[in-house]
Amino acid sequence: DDWLRDHLSLLDQYDIIEKHTQSGLELVEKYVKFVKERTEIEQNYAKQLRNLSKKYNLKRNSKDEPECRFSSYQSFLDMLNEMNDYAGQRELIAENMMMNICIDLTKYLQELKQERKTYLMEAKKAQQSLESTYKQLDSSKKRFEREWKEAERAAQYAEKTDQDINATKADVEKAKQQAHMRAHVAEECKNDYAAQLQKFNKEQSQFYFNDMPLIFNKLQDLDERRIKKLKQGYILFSDTEKHVMPIIGKCLEGITKAGTNVNERNDSMVVIEQNKSGFERPGDVEFEDYSQAINRTSSDSSLGTPKGPVDLLGKNKSKNFWLFSKRSKLSPSTLPPFTTPPTPSPANGPSSPKFGRDPLSYCLKEINKTVKPRISSFRTLRRSPTVTEDFAHLPPEQRRKRLQQKLEEICKELQKEVDQSEALGKMKDVYEKNPQMGDPASLASQISQTSQNIERLRGELNKYETWLAEAGGRGDTSRYKVLTFNNNGAHDVHSPDGAHSDESTPDPSQAIYAEFDDDFEEEELTAPIGTCTAMYNFPGASEGTISMQEGEELAVVEEDKGDGWTRVRRNNGDEGYIPTSYVTITLNK
């Protein structure tokens, strides 16, 4: 009983250790689950950030919108890009946590479970072996006790029989033999019990002093390694995020830089540059003295020919009221020529019946009828503009810019067609010299199509150059002229049928180009009309412009004609256009 009590006490300690190690493994599982949920949060957060950045980012087909030129708009796009990179770092945090913590700890946890299971099986096996030996000891002990009692009882019976006078000698001898046999059996049971006791004590000593302490030490080492691994997992939880903090910091610095790059002054200049109309400010409305029409006489000393309301309206029509009129009315086909004089009233004829009794009030009414509706139609400018091919629906400055842009597009397309024509011509020559490489006739259709495209583009080029000249382009067409002649020359080298031609077809637009060249040369030889000093740096990356540094002095060759550009010249003879708002100009008196 005492042994069982002590043994059960040890088993209680064993159960405690088993529960403790199991609780430690469950803690690891709980931490792995926690990190997994954290990674899911990071992934969802990164996904939402990416979707948010994508939602507010520009579409691919809208990168050429005018708003993209504003620094505030570009900074917003930069901020969205930085947020996209920031989302990528959050995804990296989730990925590293999953790889370095969740997967690694899960694998290590499986190894610990298997190792713990092995140790528990060893302990259970040693415990079962000790309990089995103890059962054998207890069995031998009980047998020895039973046989010893039987031997004592047999000895007492033999002694009683020997003293009994009525017992025969045979009975006495039989009782003695029985007692001797019982004593011998009891002695054997005693020896067996002693052997079993010695075996049990040895196994018990091995169990309590060797086997179980060793198993407990192994479980202790396992639990300590589990705790150490869990500690590393805790540290990795922080280090994983610390590792990407520098990159996240750069993303945040990029957002700050995007904010500092916003330049309200430049944005205002971009708006002005994009929306310059090129119109001159209207002058004062002249006073028309209609009283002369009442008091005029037929004498030669009259004050002059009276001007009726038709004359006034005709004169007012010569003023540019584009800002307060519909854009559709600016089409050349719908506007009367500005130089057409109004039909005057007869010198000595009666006044028009439209005057009534008060000509001046009538004229004011007519002016109100024509001007007020135009002012009220200001809101219709954006509603129903009549878009024309020559961009006549735009203000003069915007029209010039659009025409120049269109000319550049046509020149690029024309150069592409000319290069293709040259390549086809060379290929045809190769086929003619080496028939085994190909049939020259197979290129006829491509050469013909390319020639038609070149002729079509040349026609469009001439058409847009003419419109640009009408719009007041200042020498800009000269650069298109050079490209056109080069393209034409390249095209004229090969005729549509592939034959070489030494003479180029005369172009009726050459006279126009010659005029542009003459004008451009005259402008190059023009003496400076003043000087200017640069207030800001200007890269001069666009064609026709010139770069300048802050504080640099340049000679002014041509004033700003309303488009925001001034033509200047350096001391070395380099000329080009610069933004007027970037310099302070001093004109010669």
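Note that Cβ sites are derived from N, Cα and C of the backbone, with glycine treated the same way.
What TrEMBL lists as coiled coil is 109-178.
According to TrEMBL, the feature compositional bias 'Pro residues' maps to 334-347.
Summarising the annotation, TrEMBL assigns compositional bias 'Basic and acidic residues' to 491-503.
Per TrEMBL, domain 'F-BAR' is recorded for 1-267.
Residues or ranges marked as domain 'REM-1' in TrEMBL: 393-470.
The domain 'SH3' annotation in TrEMBL covers 527-588.
Positions annotated as region 'Disordered' by TrEMBL: 332-355 (among others).
According to TrEMBL, the region 'Disordered' annotation covers 488-510 (among others).
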(request) Mind looking up the mean pLDDT for the domain 'REM-1' (393-470) in the predicted model? (result) 84
(message) Treating G and I as helix alongside H, and B as strand alongside E, what does DSSP give for the domain 'SH3' (527-588) in helix, strand and coil?
(response) 3 helix, 29 strand, 30 coil
(request) Count up the helix, strand and coil residues in the domain 'REM-1' (393-470) according to DSSP, in that order. (result) 72 helix, 0 strand, 6 coil
